[in-house]
Amino acid sequence: MLHWPVAFIEYLSNCVASECSRLGSRNVGLKKMPSSWLMYIFLHVLVCDGVVAQVENRVLFLFNTFQNVNVNENETVQAVVSRIPLDVAFITLQFHTQHSNATLSYTRMPELGLSLTAVDSGLLSPLIPGQTKLSWFLLAPDGDSVAGTGVILPYTSSDPVPGACNLEFGLDIDPNIYLHYNIFETTIHFAPANIGYSRGSNPPACDTEVGENTRWRLRYDIYQYFLPESDLSEQSLITSIQSVANVQTMREHGTRVMTLSSNDKTEVVFSSIPGQGVIYSVIVRDPVLNTSSSYIPVHTYACSFSSTLDGCDTLGKISTRIFFTIAGLAGLFVCFFGHRFFKCELFCMGFGFAAFLFFVLITRTTKLDYDIRLTLTAVIGVVGGVILVMSWWRFGSVMSCVVAVGLMLGFLISSIVFFTPVGDIQVFRSNVVFWVTFSCIVVGVPLFFVRWPREGNITTCGVAGAYAVVLAVNAYIYTSLSYITLNILKRFLNDNFSKAFTDVPFQDIDFIMITVWVVLGVSGIVLQFYRERTRPFFPPSPYLMWLQERERRKTNVLDPSHHTSSLPSRLLARARQLTGRRESAGECTPLLL
């Protein structure tokens, strides 16, 4: 039995009512109508209107209402909209899937320039005078069935026409946003829009004039909308797409990142967040007529669903988890006991600096596998930690070591400053301005604590140690706080990252991790200040203590240790005891009777 959708039943009921009115039977309902009348009206609708709501390969769309569509293998689905009001000048159809390509076409057989294949695809159709219905075609291009959601949005003649001044992409009028990403950045491109025009009239010229009566008055608002963190489900994407598909809903739920004028390049760069779903959209505004229209929203997770290596489902590498788990445990120890065990603290701080700098160097200069780079980074980090400890052991300069440790605190504070909206200020797009400002903050923090070295050292232990715990948690549960330092690492590794917007989502897990960071840091600082209040500011250098002890033994003949033989002599005597023949302790001569 064929089940007709609600939209078609409503449509048929309206037709029945009109036919009954024409035949003089206004009170006759659909259920009470004779079968002969019902068959007559049904055939009349098919013949006269030529529209069927949904049959085997046809789907009826209603304006501003999402329709879930399944496109089977080797199947063409016709998307139909009818009863278009005469004040509508153009219509956009958008269709979204999570990771499978779908083809939208103006014709049943896709042709170059008349179709588009993408995960987030859309078509724009200007209407001619008197036109009241329109259709497009959906196909599955990769040989597999495709399931997605689509919606049709109407616009009037006063609304801007997105993508109408396209000179770069395949479609004549292209309302789509083209997205490209890598591990560092996500870039969106789109074609310029044109001012609106009525049905049947010629579209205004795009580049012949520059004035208030041309497309150059248009403005482009760039929006982004973050999906729930760590949620890669298709249902979450569909729900989010439906909540930001048009102008009004995107303004209500999305975040406006920036506004471009018609003189600006239609390209925007964002920081990539692998595993985090983001929807990008562009709303073009006509400030003269106070109207607007939306490009086709596009989404990304900055990772691949089809890759078996480094895909969206395998982002948490075992090597990364092991590395940051050990780092988190060491950070927790430093947070509460770093100043008390000064050599352990120096080792951890030296490890962090050496590992960070070496990872930047080896990533920029080689193409080694990630696991190999991480292993070499850990080895060099150990070397860096040993060097810092040995420098303090040999030279005993507390101040130089405290300055080195303070640079870690300065690095974190500077990274936090540029993690805020300050980092997106236009002046910091310049690499020179950014790195000079960043370096001044990094160097200024340890100089500030030169007057109070113990306080600076304990503060660094609390802040840096607690942040290491946050990074360890991030290896298992995504948190945006990891991008405090990751954005700086990306800027080191990618010369073009300065153009990227570094906005990240702040959701429940992030506020929880901020609370954990603050509680751990404050607790560690307070505990160490309390424990060290009666102790010397810093422990003495072991090498200097050994030198002093040796001089004391040489000059003080009354000291029993002065008469102790040297270490080589003691080792040699001990070896002789172990290898020599042991004589009996009793008398060897015979007893006299």
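Cβ coordinates come from backbone N, Cα and C, glycine included.
The following features are taken from TrEMBL:
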type     : residues : note
DOMAIN   : 325-529  : domain 'TM7S3/TM198-like'
TRANSMEM : 322-339  : transmembrane segment
TRANSMEM : 346-366  : transmembrane segment
TRANSMEM : 372-393  : transmembrane segment
TRANSMEM : 400-420  : transmembrane segment
TRANSMEM : 432-452  : transmembrane segment
TRANSMEM : 464-489  : transmembrane segment
TRANSMEM : 509-530  : transmembrane segment
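The listed stretches are 346-366, 372-393, 400-420, 432-452, 509-530; of these, 509-530 has the most Cβ pairs under 8 Å to the transmembrane segment (322-339). Long-range contacts of the transmembrane segment (509-530) within the same chain: residues 229-230, 332, 335-340, 455, 458-459, 461-463, 465-467, 469-470, 473, 477-481, each at least 6 residues beyond the stretch ends and with a Cβ under 8 Å from a Cβ of the stretch. Sequence-remote contacts of a segment are chain residues at least 6 beyond its ends whose Cβ falls under 8 Å from one of its Cβ atoms, and for the transmembrane segment (464-489) they are 229-230, 271, 273, 275-276, 316, 320-321, 323-325, 327-336, 338, 349, 352, 356, 359-360, 408-409, 411-412, 415-416, 418-419, 423, 438, 502, 504-507, 509-510, 513-514, 516-518, 520-521, 524.
Non-local neighbours of the transmembrane segment (400-420) in the same chain are 345-346, 349-350, 352-353, 388, 391-392, 428, 434, 438, 441-447, 449-450, 453, 456-457, 459-460, 463-464, 467, 483-485, 487-488, 502; each lies 6+ residues outside the stretch with a CB under 8 Å from one of its CB atoms.
Note on the domain 'TM7S3/TM198-like' (325-529): its mean pLDDT in the predicted model is 87.
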